Amino acid sequence: MSDAVLTLAHLNKRFGALQATSDVSLDLREGEIHALIGPNGAGKSTLIGQIAGGLKPDSGSIALAGREISTLSVAQRARLGLGRSFQVSSLAEPLSVKRNVMIAVQALQGHSFRFWKPVQRDESLLAPAMQALERMALAHRADTPVSELSHGERRQVEVACALALKPRVLLLDEPMAGLGPEGSARLTELLEALKHEVPILLIEHDMNAVFRLADRISVLVAGAVIAHGDGAEIRGNPQVREAYLGD
Amino acid sequence: MTKSDTRILAPQPGLPAPTASWHDRKGLVQIGLLALLLLAPLAAHFLGHVYYVNLASRVTLVAMAAVGLNLAIGYGGMVSFGHAAYFGLGGYVAGISAYHAFDLTPVIGWPVAIPGSDSMLAIWLVAIVVCGLLALAIGAVSLRTTGVYFIMITLAFAQMIYYFANSWPTYGGEDGLPIYLRNTLPIVDTNDALTFFLICFGGLTLSLALTSRIMKSRFGAALTMARLNDTRLATAGIAPYPIRLVAFVISAMITGLAGALYADLNGFVSPTMLSWHMSGELMVIVILGGVGRLYGPLAGAILYVMMETLLGGLTEYWKLFLGLVLLLVVLFAKYGVMGWLAGRERHE
């Protein structure tokens, strides 16, 4: 696949007797949303950990834009263009929304060993941060501390942080988790608008969102990919229906 | 501003105070603390009480050492229980340099002869560099751990240096090393108590200004994020470890410079300056004043030294009362004296 930005090949990860990731190969192409679905305990989080850098795979390779990244640190992967959001929001609570996003812009601009110029009125940090927030329809909350945000807004900040990195790949770990139908519909809309700008690997439980957003879907069961295909194919796949969609 | 404006801007219960008035109050407290520190020894000087001028110098230097520690603990979230190592090492730089200057012997004879010096400028520079290098080595190892392990490993390193100084006879061992003649500066007379106080005061204001400036910079933003959520920092592509290490080194440099001045104030340096009691004292001052508050170390140092002097004059068990005050602060004034005086810190 020549236009794949992110390629996982024969990835394996074992915790004791548990094969958490079993020979997983999948790719993410330019301009698409690739959804990864699977029941609880299917190994989705383990897989994300390996892509983002928290976990080291036992074997197999992960390539980002043709470069092997499976031995790099979290920060190094981020610098190569891997933006991610977390299943449980991971933001600096006492800081304003703006400051949370600005740290990503700062990272993108290069090293942080600058001790003199104040960041507070640094337009080169502020402007891109505000831009990312506007993409997530959150510019009006820029000065609010994260601790005062709703659950859904935090999700939007997380995605804005990832966007501010100008990533080549977005890795979204259950962005709809804990959102009501309204919040979920809203975030789906915002993600849809990003679709052709940056390819997204979407790990999600919310089937409405998945079928609406995803170009391709992979189904993970017991650590292995049991099916690949577009929405219609997955919906029609008897194995998937049995394992996951609950028929 | 009209009357009705004032009413609207007044802090209401349950709502955060408006930023403008909060800044005013914090600014007033900060200026008040500095003015108190500056005016008290001036008054003492004109009333002829040299003792109180020297006491103010002690407050200033302990505060400066705690400003350094606060950068690590308060701003960096690195609870170092070994900052006496840098405080004492700074002191020994001043002491050893003065000893050799007095003796006309070289500090090191080989491969190049380095003479002693009684120049404060040279001593300060060496103290900053040496403490920075020590912190680089200690921090590089210690920062691989977190939490209780970090506290213990910094303590262990500091105790190693303490026992080394205790058992090394060349510079007095456990008896310590006197500085017979206070080190000198061009033009001014450092033996004058008020002049020396003003030098210390300059050092403190400079370290406060430096800390404030650093924390507003990109480096400060990264350090704040490393403290609040290092996963977020790494996810953005900034590795937290080097950020923390550099902050730890700067922190040690400030504390080390304070130590060099402290040895000159007392005319004496001994392993006491390196002991874990000293580390604990600095920590207590930071906590009393308010962890992560710019002027917290100053407020804490004023309170600490005043209690030590006033209560210490009444009873040798004054630390019992210090303990009670510390207990009250931790239980009821979570943000220390500064939080109590100036309100809770708000991030922009």
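Note: Cβ is positioned from N, Cα and C throughout, glycine not excepted.
As written in TrEMBL, here are the features:
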type: TRANSMEM; residues: B:31-53; note: transmembrane segment
type: TRANSMEM; residues: B:59-77; note: transmembrane segment
type: TRANSMEM; residues: B:84-102; note: transmembrane segment
type: TRANSMEM; residues: B:122-141; note: transmembrane segment
type: TRANSMEM; residues: B:148-165; note: transmembrane segment
type: TRANSMEM; residues: B:193-210; note: transmembrane segment
type: TRANSMEM; residues: B:241-262; note: transmembrane segment
type: TRANSMEM; residues: B:282-305; note: transmembrane segment
type: TRANSMEM; residues: B:317-342; note: transmembrane segment
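Looking at B:122-141, B:193-210, B:282-305, the range that has the most CB pairs within less than 8 A of the transmembrane segment (B:31-53) turns out to be B:193-210.
Spatially, the transmembrane segment (B:282-305) is adjacent to the transmembrane segment (B:59-77); three or more Cβ-Cβ distances between them are under 8 Å for residues at least 6 apart in sequence. Note: the stretches the transmembrane segment (B:148-165) and the transmembrane segment (B:241-262) are not in contact (fewer than 3 CB pairs below 8 A, sequence gap of 6 or more). In this chain, the transmembrane segment (B:317-342) lies out of contact with the transmembrane segment (B:84-102); the count of Cβ pairs under 8 Å, excluding pairs fewer than 6 apart in sequence, is fewer than 3. Counted over residue pairs 6 or more apart, the CB atoms of the transmembrane segment (B:241-262) and the transmembrane segment (B:317-342) come under 8 Å in fewer than three pairs, which marks the two as apart. Remote same-chain residues near the transmembrane segment (B:59-77) are listed as 37, 83, 86-87, 197, 200-201, 203-204, 207-208, 211, 214-215, 220, 223-224, 226-228, 244, 247-248, 250-259, 261-262, 265, 281-283, 285-286, 289, 291-293, 296-298, 300-302, 304-305 (criterion: CB distance under 8 Å, separation of at least six residues from the stretch ends). If one looks beyond the transmembrane segment (B:193-210) by at least 6 residues along the same chain, the residues whose Cβ comes under 8 Å of a Cβ in the stretch are 34, 37-38, 41-42, 45, 50, 53-54, 56-57, 60-61, 63-64, 67-68, 120, 182, 185, 254, 257-258, 261, 264-265, 294-295, 298.
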